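Asks: My structure is below; once you've seen it, I'll send some questions.
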Amino acid sequence: MSGKKVRTSAVVMVAAAACVVTSAACTSEKVGGDSSGNSGDQVAIGLVTKTNTNPYFVELREAALAQADRRGAKLIALAGKFDGDNQGQVDAINNLVAQNVKGILITPSSSKGVLGAIAAARAKGILVIALDTATDPADAVDATFATDNKAAGVAQGTYVRAALGKEEPNVLLLDGTPGSTVDDQRHTGFLEGMGLTENSPEIKGTAVTNGDQTKAQTAMENLLQRDPGVNAVYTINEPAAAGAAKALGAKAGSGDVVIGSIDGSCTGVRNVKEGRFAATVMQFPQKMARTGVDAVVEYADNGTEPSGFVDTGSQLITDDPVPGVPSKDTAWGLKNCWG
Amino acid sequence: MTATTTAPKDRSAARRGRTLMKWFATSTAAGPLVALLVAVTVFALTTDTFFTVDNGSLIVQQVLVVGTLAIGQTLIILTAGIDLANAAIMVLGTLVIARLAGESGMPPLAALIVGIVLCTALGGLSGVLVTRLALPPFIVTLGVLSVLTATSQLYASGQSFPVTSSLLTWLGEKSYLFGRIEVTVGMTVMILLTAGVWFALTQTSWGRNVYAVGDDEEAARLSGVNTKRVVLSVYLLAGFVYGIAAWQALGRIPNADPNAFQLGNLESITAVVIGGTSLFGGRGSIPGTILGALVVTVLANGLTQAGIDSLYQQVATGVLVIVAVAVDRLVRVRAT
């Protein structure tokens, strides 16, 4: 009797774990563009984002839908359920191939995990363009339209170093997710901009935040217990920066600690304006989406294939500019932000 | 069954020692207490920064949200159920409160009450499905989890909602005891909630019925307990507790985010299991759960300060869960 009960509960626990994984692996679909009548001649474009809830990818999707409308194409937007959901993205690509799309725009959650599905799509003559995040190797896709994340990291690091002035840096690094290409590029770029290396003694601690505000706040609180003398913080994105600012409390706004960030969401720019963190590096998801849609439409029209890496640019936003680091103020930022 | 044993009148040391031994052998809270003491001792000896007043306060602040969720989870697991939807209920609660008080301009108190009532009702919804349709709690709450996660995303449409009202962020308000110890209102609320639920479970006939239903529902029913009503009341009370957790969450981070606490359900189950509550129902306690939640938080906090990669924090937590369930199983086998 007790043996049977135990086995039942083991099944329950396994099922609990499985449900977390599988419910997350589902994808969801949103179709836009002109779907009435002659869908035979209409160019179908697939879009696979990392998630469909993150405002960044929502903006990217909306911009792609609008551009597809303008160009008379049909856009099928799919997404993984969470950032890092490789299986969901692979399923999405397979679905798009089955729907005979002309091109697929993808923001890969895993730069390597998605390669097989991409190769299968390209073998069928489908143009595949990576948006926002490059694959590894980058030539696994026809072209990449993205922020140069390393350059964005360098901009953040250069600014933070310059804003410290003569102070010796005591840096905390709030990373995103281990193994994520974008996260690694930003991290490496930041250290380069700061003039540090991975093993520099100036780095007082690092933490994995998954770009989540709650986790970032908890991690920052714990790191600050160990090193109260921190004066500079790298953050993977703006929610992580908001968590760091909350953990620092009054210190964040006083200029004692320079928090740098990357993203350029409207919430993030407002936080810069209100002094919660010093600067953020803005990306332009709308531009990635528009150029991506245009490229597929042109490929369908006359066979022109884009190639290589196309930098869609990034822009440092701060109200405390420092000499030698090009920046725009938050008024400009609020006009051009996303989300 | 519970952590309480009456102190013997006899003053002899040997007798007292035996009583202590007996308490360790029978109390479900003894395991997590030992684990907590070991963890605190190790971190106090190996780092300079762990065993400080500030850090102690910080750990308690970090435990508030998941700890409150775990109180509700304990109630449900005591009836041999499980709640996978608790964090999703709480997150929807925070969103409703923040939007009503924010853009809809409702008075903060009214928004808070609506949020807590909503959480209570959603807890009750699972309860109705479990009792009236006799569905397994695991499946019911899995379904509710899925529905509410999507509902929150639709309701928020990719946005998060900051709250500014001093009532809504009141639980995060800090003050200083003896001019030195940082305490928040949320800690007081947590202590009151813990004491209240613990009292109800151990000192009232309702509490005895909850344990009885969890231990053997059929036997409880035959001895005249309205088991369905007891189980429904447990889900309603748990829902109310999730509403309080929503208030705690807004106090800690004054921003309602549909993507927050995605693993809150599993984290609360982890706290309950490490806290010595049996997944088979009928055995466990609220103090054990609080200790279990503290163990998980202390591990994350201490390992960070010891400079150990955060992935090892997950390894340590996972090992503890398995040890806790193994101990529960051994106790069960010996008892039968």
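Including glycine, each Cβ sits where the backbone N, Cα and C put it.
Automatic, uncurated: that is what TrEMBL annotation is.
Marked as transmembrane segment by TrEMBL: B:20-46, B:58-77, B:84-102, B:108-131, B:138-156, B:176-201, B:230-250, B:262-281, B:288-308, B:314-331.
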Asks: Please report, as numbers and ranges, the same-chain residues at least 6 past the borders of the transmembrane segment (B:288-308) whose CB is under 8 Å from any CB of it.
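Replies: That would be 3, 27-29, 31-33, 35-36, 39-40, 42-43, 46-47, 49-50, 55, 58-59, 62-63, 66-67, 70-71, 73-74, 194, 267-268, 270-277, 316-317, 320, 324.
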Asks: Are there three or more C-beta pairs under 8 angstroms joining the transmembrane segment (B:314-331) and the transmembrane segment (B:108-131), sequence spacing 6 or more?
Replies: no
Asks: Could you check whether the transmembrane segment (B:176-201) packs against the transmembrane segment (B:58-77) - three or more CB pairs closer than 8 Å, residues at least 6 apart in sequence?
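Replies: Since 3 or more Cβ pairs under 8 Å link them, the transmembrane segment (B:176-201) and the transmembrane segment (B:58-77) do come into contact.
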Asks: For the transmembrane segment (B:314-331), which recorded stretch in the set B:58-77, B:84-102, B:230-250, B:262-281 gives the largest number of Cβ pairs separated by under 8 Å?
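Replies: By the under-8 Å Cβ criterion, the transmembrane segment (B:314-331) pairs most with B:262-281.
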Asks: Do any residues of this chain, six or more beyond the ends of the transmembrane segment (B:58-77), have a C-beta under 8 angstroms from a C-beta of it, and if so which?
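Replies: 83, 86-87, 90, 123, 137, 171, 182, 184, 186-187, 190, 193-194, 197, 201, 210, 234-235, 237-239, 241-242, 244-245, 248-249, 251-252, 261, 264-265, 267-269, 271-272, 275, 277-279, 281, 284-286, 289-290, 292-294, 296-298, 300-301.
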Asks: Excluding the flanking five residues on each side, which residues at least 6 beyond the ends of the transmembrane segment (B:84-102) place their CB within less than 8 Å of a CB in that stretch?
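Replies: The answer is 65, 69, 72-73, 108, 110-112, 114-116, 118-119, 122-123, 126, 138, 141-142, 144-145, 148-149, 151-152, 155-156, 161-163, 165, 168, 238-239, 242-243, 245-247, 249-250, 255-258, 260-265, 267-268.
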